[in-house]
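Presented below is the structure to which this report refers.
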Amino acid sequence: MKIVKKPDRILRQELNKIEILPDNIVEIVLAMQKTMVKAEGIGLAANQVNLNHQIFIIDENLAKENNVPWVYINPQITNFSKEKALLEEGCLSIPGLYTEVPRSKKIMIKGIDQNGQKFKFKARGFLARVLQHEFDHLQGKLISDYVKKN
Ligand code: ZN
């Protein structure tokens, strides 16, 4: 898979919910993972590889350390803490841009994994940040939207 870069329009699309998991969903997420690892990313959303459905993945080690899924299908963040933290982020679709992004310190997220298993959990800290970054992609939002315009 090839990583789509800004200003490709698909990065601005709100992606479609998956009604029925396709038979090749495991192949899709494994191909996404291969692409992400090669690019040294820690997360990748479907529109970053030119797919228009609500799927993102995160680094497998980050997932394991936190005992959470690495595949997120139709994810919804059902709660964002009011308390936010600022940290510099980059994005595989915007090479060279590193910008501070405010993110909720804690979130509640739910979705399904590549086997159709539902999940729901609380995330905090760095994991919560990565999940919010990838979730933004599915809404057509990019870190460049957080750059302060003076
Ligand atoms: Zn990104």
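Residue numbers in this text run from 1 along the chain shown.
Keep in mind that glycine also has a Cβ here, set from the backbone N, Cα and C atoms.
Any TrEMBL annotation is an automated prediction that lacks curation.
The following features are taken from TrEMBL:
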- Cys91, His133, His137: Fe cation binding site (BINDING)
- Glu134: active site (ACT_SITE)
Glu134 (active site): tally of other CB atoms within 10 A of its CB
22
Please list, in sequence order, the residues in the chain of His133 (Fe cation binding site) that are at least six apart in sequence and whose C-beta is under 8 Å away from its C-beta.
Gly43, Glu89, Cys91, Val101, Arg103, Ile143
DSSP output for Cys91 (Fe cation binding site) maps to coil
Taking the center of the Cβ atoms of Cys91, His133, His137 at the recorded Fe cation site, which other residues in this chain have a Cβ no more than 8 Å from that point?
Gly43, Ala45, Gln48, Glu89, Leu92, Ser93, Glu134, Asp136, Lys141, Leu142, Ile143
Given a separation of at least six residues and a C-beta threshold under 8 Å, show me what packs close to His137 (Fe cation binding site) in the same chain.
Leu11, Ala45, Ala46, Asn47, Gln48, Phe56
